[in-house]
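Engineer: Just passing along the structure, written as structure tokens.
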Amino acid sequence: MAMSSGGSGGGVPEQEDSVLFRRGTGQSDDSDIWDDTALIKAYDKAVASFKHALKNGDICETSGKPKTTPKRKPAKKNKSQKKNTAASLQQWKVGDKCSAIWSEDGCIYPATIASIDFKRETCVVVYTGYGNREEQNLSDLLSPICEVANNIEQNAQENENESQVSTDESENSRSPGNKSDNIKPKSAPWNSFLPPPPPMPGPRLGPGKPGLKFNGPPPPPPPPPPHLLSCWLPPFPSGPPIIPPPPPICPDSLDDADALGSMLISWYMSGYHTGYYMGFRQNQKEGRCSHSLN
């Protein structure tokens, strides 16, 4: 049997509509290899055929509603279970101490049973220390031990939060020169954070020597006027005296009142140190004069 020399060698001829990609069709290597036109056409063709079949009723459209599962009937309680439930409800009586969940916040509080309605299986409890009265189901009442355990858990959580806050405050207030002063009171007078006077250079003269009228640094300056305090930033925690902080780096977070308060405080502190320096120089001058007279 002779085979024809032409053609594709006896293979089944390919249909042009079903060919999505053919390699070596004479295109150059620079052609766009990401051309997905054929894929888009095939997708549109598949979608169109599906819509056509759906329109003719060959495919049933699935509804978006979930299938309803048959409800499970509650298991019938036998007589022994009913007796146990009745016994658990009968154990509470008026005046018993218990723990109840307050409906406002969902927390457990100690309470005392004021009245009981066994027909409705409810009771009225009075919260210890608060005096609030609330109706509760007898099955929802808890023993006082549950309340104690809940308080222990709440106290542990509060202690953990307080320790976390104190740790954050100590890390923020720690400086290279003062690392041991971690615990500081919440409020302090104004002069507690004034900067210390500069150290006295050279040997310091003791009290009682002739010609000495300026002994040591001057007393701390009085608090600034109230109108300065109203413009100043919130007070800093007490502790060793520190230098007033510079103004914030970001100018957007500083309004006119804060900037004015910072400027007035800087003038006030500058005057304090200027007075100390002038007094120190006057002390040195009078000391030299007294030594020359002797």
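Using N, Cα and C of the backbone, Cβ positions are placed for all residues, glycine too.
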Engineer: Pick from Thr25, Thr62, Thr167: which does Swiss-Prot describe as phosphothreonine?
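Structural biologist: Record annotation (Swiss-Prot, phosphothreonine): Thr25.
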Engineer: Which of the listed positions, Thr85, Thr274, does Swiss-Prot note as phosphothreonine?
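Structural biologist: Swiss-Prot records phosphothreonine at Thr85.
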Engineer: Can you tell which of Ser28, Ser166, Ser180 Swiss-Prot marks as phosphoserine?
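Structural biologist: Matching Ser28, Ser166, Ser180 against Swiss-Prot annotations yields Ser28.
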Engineer: With DSSP, how much of the domain 'Tudor' (91-151) is helix, how much strand and how much coil, in residues?
Structural biologist: 11 helix, 27 strand, 23 coil
